[in-house]
């Protein structure tokens, strides 16, 4: 009797353990939520997509927890921008085989699309701060998920990796990629139409994140408060922005939900400029088939609501 109970317990344990292992392994892990938006569209109905960075946290200063490292180790596929953006992931991802990772910044179709970072506006930082800035961002703007063109290339790369890992799901993965590309084309048209009347309206953003989106849709930023949001803008930079606000050269200044807007509020105080919020991470959007398109539309609405004065 005891022997039968032992065998039954062992069988149940194996089944439960096997199921848990399968659930833990059957996942795409994306570094940041917008990267997860792209991945979840391609993996929809095939495997789970999870996001490493918690809502409300910033990719600029996050530290991995032991549970995060386990998630990376157990993932079927890890998708991230690269060490210039998610420095906190560099060590564990470097131990993963190439077949189990997509590094967006290193994709051959993405490299020609990379934009240079803008450092010139922050010359009043001291030398130590400047060095930290350059180390963190490198030569290029790494907010790559804000480019629909790069998002399209990322989706193709994720599709290719998942087909290699899960060839039995090729038909579904093919359909998902086709749907994503069609949605993206439609959203680009819709966003372009919404933002077209706003070309020529000047504004300041909190940090140098939005260049890809702004270039694609013809927006005209006057500048940013800081290149790296971990570093407070210097007094000279704040004075320059304040002067342009007083002279009514800008319609809006934009803060971000991941950082306290005190410095933005103080510079705008007493002027007629409007304040808005841009969320470069799509914090309130859930992963799903249409989440990347929702993200682009939300960002466009955030620009438009302030620039139009709605």
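The backbone N, Cα and C atoms fix where each Cβ goes, glycine too.
According to Swiss-Prot, the signal peptide annotation covers 1-26, on the basis of experimental evidence.
The Zn(2+) binding site feature in Swiss-Prot is assigned to 59, 60, 143, 207. The Cβ neighbour count for residue 143 (Zn(2+) binding site), using a 10 Å radius over every protein chain in view, is 25.
The disulfide bond feature in Swiss-Prot is assigned to 252-306. A helical conformation is recorded for residue 306 (disulfide bond) in the three-state DSSP classification. Same-chain residues at least 6 positions away in sequence with a Cβ under 8 Å from that of residue 306 (disulfide bond) are, in sequence order, 203, 251, 252, 254, 274, 275, 276.
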For residue 59 (Zn(2+) binding site), the number of other Cβ atoms found within 10 Å of its own Cβ: 24
